[in-house]
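What Swiss-Prot records for Arg17, Arg68, Thr99, Lys160, Arg262, Leu263, Arg264 is GTP binding site. Here Swiss-Prot flags Cys24, Cys28, Cys31 as [4Fe-4S] cluster 1 binding site. The annotation S-adenosyl-L-methionine binding site is assigned in Swiss-Prot to Tyr30, Gly72, Ser123, Met194. Among the features that Swiss-Prot reports, [4Fe-4S] cluster 2 binding site is placed at Cys257, Cys260, Cys274, with the record citing sequence analysis. The domain 'Radical SAM core' annotation in Swiss-Prot covers 8-234 and rests on sequence analysis.
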Amino acid sequence: MVSQLTDAFARKFYYLRLSITDVCNFRCTYCLPDGYQANGTNPHRFLSLDEIRRVSRAFAELGTEKVRLTGGEPSLRRDFVDIIAAIRENPAIRTLAVTTNGYRLARDVAQWRDAGLTALNVSVDSLDARQFHAITGQDKFRQVMDGIDAAFDCGFAKVKVNTVLMRDVNAGSLQTFLDWIKHRPIQLRFIELMETGEGGELFRRHHVSGEVIRQQLLQQGWQQQQRARSDGPAQVFCHPDYEGEIGLIMPYEKDFCLSCNRLRVSAIGNLHLCLFGEQGIPLRDLLADDRHLNDLKMRISGGLSTKKQTHFLHEGNSGITQNLSFIGG
């Protein structure tokens, strides 16, 4: 049995972000502005259900407590419910989450919960339907809002909403978002726009620091909360007058990487030690058969020896991440 995943800087890893597809049906300006472009290779190139079962088991036995399914849009997988159920076979995984654009939420969220999904993040970059359409390329604002309501109706106590913070788009809309979460158990997370290989011009035009939002929150009496060991990187704030919470994810902030607790596996089976790192470590040759489980765990744990102390975003180096659908953000 390999001990808890730990790197050379004594960081422990409890959280796996597992991409199950690169495909997305939205065309968000900061991610896939031209829509998903198939690369013409094998349509079965994404991890199969059995491969997902094996990789999740390996991580569970290495101390992983939380798995987040990402994409692309994970719910476009026809076997998405089966994937949820397969990962929930691991009792060590206490939290199983998905990040979704909300397109299929209203229709399917009850099935996801029944299969074992425990947490939900929905991407909503604007509360104005026309602006939502302009950002995503899809006139689906009402459908996504109905999906969030459906999540509450089927038993989710809280929903997280991801909002990419952009100058001249939504950075001046804090009060609108605060009004929305005042009586809703939503954790609204502002995520700083990150530079990717394909998004340099957009980054220069729209990047704004989350510090702007933090100062406004502190001035209005919001209090920062402690983070659990398997939580993501958000700084979370609460206020006694609000049912909802605000999260801030600021990857350009000093020491952002000090508390890194997460690893990534891409939809084609490569282990990525950082969202903005270089080429991943291939795992797929060890996912074909249950007999390779111990070798798989050794490759995962051994790979951590090469994890860098920090990303290099401040230097304009986004590694191999051409867009955020590639590894799953």
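Count begins at 1; order follows the chain as displayed.
Cβ coordinates are placed from backbone N, Cα and C, and glycine is handled just like the others.
Here the features listed in Swiss-Prot are painted onto the structure.
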residue: Arg17; record: GTP binding site; DSSP class: strand
residue: Cys24; record: [4Fe-4S] cluster 1 binding site; DSSP class: coil
residue: Tyr30; record: S-adenosyl-L-methionine binding site; DSSP class: coil
residue: Arg68; record: GTP binding site; DSSP class: strand
residue: Met194; record: S-adenosyl-L-methionine binding site; DSSP class: coil
residue: Cys257; record: [4Fe-4S] cluster 2 binding site; DSSP class: helix
residue: Arg262; record: GTP binding site; DSSP class: strand
residue: Cys274; record: [4Fe-4S] cluster 2 binding site; DSSP class: coil
- Which residues of the same chain, at least 6 positions away in sequence, have a Cβ lying under 8 Å from the Cβ of Ser123 (S-adenosyl-L-methionine binding site)? Cys28, Thr99, Thr100, Asn101, Gly102, Val161, Asn162, Thr163, Val164
- Neighbour tally for Arg262 (GTP binding site), based on other Cβ positions within 10 Å of its Cβ: 21
- Query: Ranked by the number of other Cβ atoms within 10 Å of their own Cβ, which of the binding-site residues Cys28, Cys260, Leu263, Cys274 ranks first?
  - Reply: Leu263
- Task: Inside 10 Å of the Cβ of Lys160 (GTP binding site), count up the other Cβ atoms and send me the figure.
- Result: 20
- Message: On the 0 to 100 pLDDT scale, where does the domain 'Radical SAM core' (8-234) sit on average?
- Response: 94
- Message: Over all pairs within Arg17, Arg68, Thr99, Lys160, Arg262, Leu263, Arg264, the annotated GTP binders, what is the largest Cα to Cα distance, rounded to whole Å?
- Response: 20
- For the binding-site residues listed here (Cys24, Cys31, Met194, Cys257), which one has the lowest count of neighbouring CB atoms within 10 Å of its own CB? Cys257
- Message: Give me the CA-CA distance between Cys260 ([4Fe-4S] cluster 2 binding site) and Tyr30 (S-adenosyl-L-methionine binding site), in Å, as a whole number.
- Response: 24
- Going by DSSP, give the three-state secondary structure for Ser123 (S-adenosyl-L-methionine binding site). strand
- Message: Using only C-alpha positions, which one of Cys24, Arg68, Lys160, Leu263, Cys274 is spatially nearest Met194 (S-adenosyl-L-methionine binding site)? These are the binding-site residues in the record.
- Response: Cys274
- Rounded Cα separation (Å) that holds between Arg262 (GTP binding site) and Cys274 ([4Fe-4S] cluster 2 binding site): 8
- On a count of neighbouring CB atoms within 10 A, which of the binding-site residues Arg68, Gly72 is highest? Gly72
- Largest CA-to-CA spread of S-adenosyl-L-methionine binders Tyr30, Gly72, Ser123, Met194, angstrom: 17
